Structure formats: C-alpha cells, structure tokens
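Colleague: Structure provided below as structure tokens; questions to follow.
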Amino acid sequence: MGGKKFQAMPQLPSTVLDRVFEQARQQPEAIALRRCDGTSALRYRELVAEVGGLAADLRAQSVSRGSRVLVISDNGPETYLSVLACAKLGAIAVMADGNLPIAAIERFCQITDPAAALVAPGSKMASSAVPEALHSIPVIAVDIAAVTRESEHSLDAASLAGNADQGSEDPLAMIFTSGTTGEPKAVLLANRTFFAVPDILQKEGLNWVTWVVGETTYSPLPATHIGGLWWILTCLMHGGLCVTGGENTTSLLEILTTNAVATTCLVPTLLSKLVSELKSANATVPSLRLVGYGGSRAIAADVRFIEATGVRTAQVYGLSETGCTALCLPTDDGSIVKIEAGAVGRPYPGVDVYLAATDGIGPTAPGAGPSASFGTLWIKSPANMLGYWNNPERTAEVLIDGWVNTGDLLERREDGFFYIKGRSSEMIICGGVNIAPDEVDRIAEGVSGVREAACYEIPDEEFGALVGLAVVASAELDESAARALKHTIAARFRRESEPMARPSTIVIVTDIPRTQSGKVMRASLAAAATADKARVVVRG
C-alpha cells in the first residue's frame, strides 16, 4: 500500500442515533444544533432528552418499529430532532418540505401511509390548516420548550439507550426524489447510508472530506434532499455544532461570518452567490476551512476563487439512491482543470462503478462486458438505497444485485476521473447522433462573458431534434453586445463540437430554471425559450 499506515478503527455504533448519542456521552455540554438566528439551540445532552420525550409522544400514538412518520420540515433543529425521535422507535422518517403545496403532501401520504406527522414550527403547515390526508392520523407540533432546555438533564443509561433491535441495514428515512420530471418516488435509506462513506475516508486516511469535533457547520440545503440530511446527520455523528434553518438574512457571507462557520455544503448556484458576495465586499471568511458542493455542474472559476482564499473544496457526486456521495473531486493539483472539463471525481475506496455501453444493461446482466469508457453509470456503494418504498417494479429497474443505475452518462478518462455528459433520458438525438447535454453546456460556459448555459431540445421534422441553447450573461448587455456574444458562442461550437451538437438557436435569459438541488429543468427551459419571441437565431 505504498508504505501508508492505517490505524485500526474502533468498533463504531451501527446506527445514526447511537453515534449521535455517543457524542452526547463524550461532550454533553457542547451545542449540537441551533438556527442561524441563535434560536432552538440544543446541547448534546438536551438533544438526547428531547429525542426521548418526542419518541415517547409518538409511542403514545401507537408509532412503533416500521411505522412511517411524516416529518414536515423547516430545515431547523426541530426537523433533525424529529428524525432522531423516529429512529429511537425504529420508525421511518418520511421527509416532506413544509412549503410544498398541500396536493404534494397528500400525494406523499398516499405513497407512504404514515402513522403520524411531526410538524416543525417554521413550516407553512404550522400556521395553516392541516391537509385532509392528515385528518385521520395524529399530528404533533414539534417545539423545543424553553423549560426543557433550561432544566438539567442527566445522561443515564436509559436516556442514552438507542434501539437495540436496530442495525446498519435498518431503514432510517425516506426522501422523495426531486427529479426534473416524473412521478415522485420515496427513496428508502438505511442507517448505513449516512456513515458508510465517512467511515471509508477515516479507515483509508483520506482527507477528501473531513469533520472535526466541535467545528461549526452550516447547511442551507433542505433536509428533504439527500445533501442536507446527509450533511447535518454526518456532522452530528462527528460531534459538530450544526447551524441549520432560521436564516435571518439572504447573505451567505453574513451567515458564515457571524456563525464562525468552518465547513459548509452548497449547490453550485449558492457557491456562485457566495463568490459574488466575497468579491463585492472584498472579504474572506476567516473561520472557513472546507466547502463541499454538488448537485449539478459547478463553474470552475468559482471553485478557483474559493481555493485561492485558502479554503479547501470537495465536489461530491451522487444521487439520493446512492446515499448522497459516491464520487469525489477534492482540492488537488490539476483539480480546477478537471472541473473545467466536466469532471465529477473518482469513486471512494470500496465504491464500485461500471459504465454500461448499452443503456439498461448493467454489470451483472447476462453477457455484460467490461466497463466501457463511456456510458450509463452504475454504482455499487455501501451507502446505496434499500429501494423505492412500495414500488417494486421501479426498484427492480434501478437497483439490480446491489448496483444502482444512475441514468447519468459519464466518460472515464485515462486519469481515472469521471466526466459527466448528461442524463441518458435527456440525450438529444439529432439526425441519428446522440448529443450529451452537459457537454453542450460545458462548451458554452467556456466562452468569456457567459455565466451559465444550458441546452434544450427543439423538435424538428427533418432531423428529429435540434439543439437550443439558453445563456445567462456575466453582465447586462445591450442588443449589440448580446448579438456579439451569441456569435462568439457559435464560433466556439464550430471549433470544438461536431455539427449536430451546434446550437441552432441561442437565447440570452436572466436565469435558468433548476430544481432545489441545482439540476437544470430542461423541459421548462425549452418551453420558456420557445416562448421568447425576442430570441436571435444563430446558424452555425
């Protein structure tokens, strides 16, 4: 192993709850959770007591092992308290954004049949009528009572007891896939999902992503998405101070500085926002040590700027179905060049990957060949999902012999890194040629004056489809400058892409529609761009 020495890891608890409670044993007076505005603060010993109290309330409502509990989230400490209280009983936390339309909440209930609902105080439902789908089950408002916080909690064996019947394979939570289209699917995640990769990093002595006891982390990511839930639970299991929810300003710079944040995880749009604020204020965040980012393709210039301030970065790639992160691209020599080329990283040790040249034909299919250099990515990770709840047909399509079909198209290059090209379902087929959307986006974003770019499909009788391109300019442009930028973009495509991949239409827009996790909503983009009568057509 190249002379590298590995330290034997102590036997760690096999559930998220037991790992958090272990931190409470070691540092009971340390703050575990609080909001950005300082409210809802919980010390680790107080968190243990609150978990026990809320679990008792659920037990009184006949919630037990295997029950589903709808957690109406506001991303604050009460949301994570709810998840841990469910874990105390072996119940499954079904994560739902508190600002979702009632119809979406009711659809989630139809899919998961919850036995109870926990409502965080900052969610829309906390101050409005309860949806009809919840009328038949107990609905509990989660509130961290001041009298409870001010009392002295002793950490005895009973309060620190987790659930002896639970292990790493038992389910902890469900997250509904955001996606850009299609029916919502409830991704069932085991306890191991939230610590498998951190355990690998510790065992292998890798510093790609690191956690330090007592450090402050901040997550603006929703607890209803894998990135937010994974990040905060992981930091709790490592004894961090987790700041989440309760934002009293839109300024990321102010939040990070005021709370002396050491680590954070952002989607690329928020990373761009932070860079813009740092440049405008000519400032740095002295406490900041690490910025993780993922969810969609990042802008290399943003990563370069952050790293120039002395802050490490780590791009993480994964899906809800793969347990957040399966590939990683940390700060390293040449990492910026790789990001510019569309790299998303390389797999962690213990994570297997396979590129299928034929869509739908996975690594264990009869006659499957070796991994291709380009194709649909399959991942076998110890963090992979258990399956889609109550959806065996879809589970059988996506999860085969422990391998998850990501649906993403990637290229593996000689440097061992993987480069994203788009989703197989979003491929644009022009004149029989497969066009990878992310490659089109990447070429456009390499043009000076382009802040963001995303392509979309334009139906065409002759070719089947043409490529349309929407661009967000780096600065406000008049008509002449806009036309010049479009011609510059077209010229770059003539130099760098095959003819069928060259945009037939280029439109400058103010923003690109994205999901909460930062993925481009290409169907919405196509509809909006097509309706824009002011667009300029550029043939090239």
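Each position is counted from 1, following the chain as shown.
Positions of Cβ are set from backbone N, Cα and C atoms, glycine also.
Annotation source Swiss-Prot lists Mg(2+) binding site at T177, E321. Marked as ATP binding site by Swiss-Prot: I226, V316, S320, D408. Look at Swiss-Prot and you will find Q315, V316, D408 tagged as dodecanoyl-AMP binding site.
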Colleague: Cβ atoms within 10 Å, counted per site: which of E321, D408 has the most, among these binding-site residues?
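Modeller: When each Cβ's neighbours within 10 Å are tallied, E321 leads.
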Colleague: Any same-chain residues 6+ apart from S320 (ATP binding site) with CB under 8 Å of its CB? Would you list them in sequence order, or say none?
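Modeller: Set apart from S320 (ATP binding site) by at least 6 residues yet with Cβ under 8 Å, we have I175, T177, V187, L189, H225, I226, M385.
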Colleague: Taking the Cβ of Q315 (dodecanoyl-AMP binding site) as the reference point, list residues of the same chain whose Cβ is under 8 angstroms away and which are at least six residues distant in sequence.
Modeller: G292, Y293, G294, A298, V303, C328, L329, P330, I339, A343, V344, G345
Colleague: For the binding-site residues I226, V316, which Cβ has the most other Cβ atoms within 10 Å, all shown protein chains included?
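Modeller: When each Cβ's neighbours within 10 Å are tallied, I226 tops the list.
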Colleague: Report the residues of the chain - excluding Q315, V316, D408 - with C-beta within 8 Å of the mean position of the site's C-beta atoms, for the recorded dodecanoyl-AMP site, in sequence order.
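Modeller: Once Q315, V316, D408 are set aside, the remaining close residues are G294, G295, Y317, G318, T325, A326, L327, C328, L329, V344, G345, I420.
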Colleague: Quick one: pull the CA-CA distance for D408 (ATP binding site) versus E321 (Mg(2+) binding site), whole Å only.
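Modeller: Rounded to a whole number, the Cα-Cα distance is 13 Å.
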Colleague: Per DSSP, I226 (ATP binding site) is which: helix, strand or coil?
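Modeller: The residue in question, I226 (ATP binding site), is helix (DSSP, three-state).
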Colleague: May I ask you to report the DSSP-based helix, strand or coil state of E321 (Mg(2+) binding site)?
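Modeller: SS state of E321 (Mg(2+) binding site) = helix.
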Colleague: Max Cα-Cα distance in Å among Q315, V316, D408, the residues listed as binding dodecanoyl-AMP?
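Modeller: Farthest-apart Cα atoms in Q315, V316, D408 are separated by 17 Å.
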Colleague: Near the Cβ of T177 (Mg(2+) binding site), how many other Cβ atoms are there if near means within 10 Å?
Modeller: 18
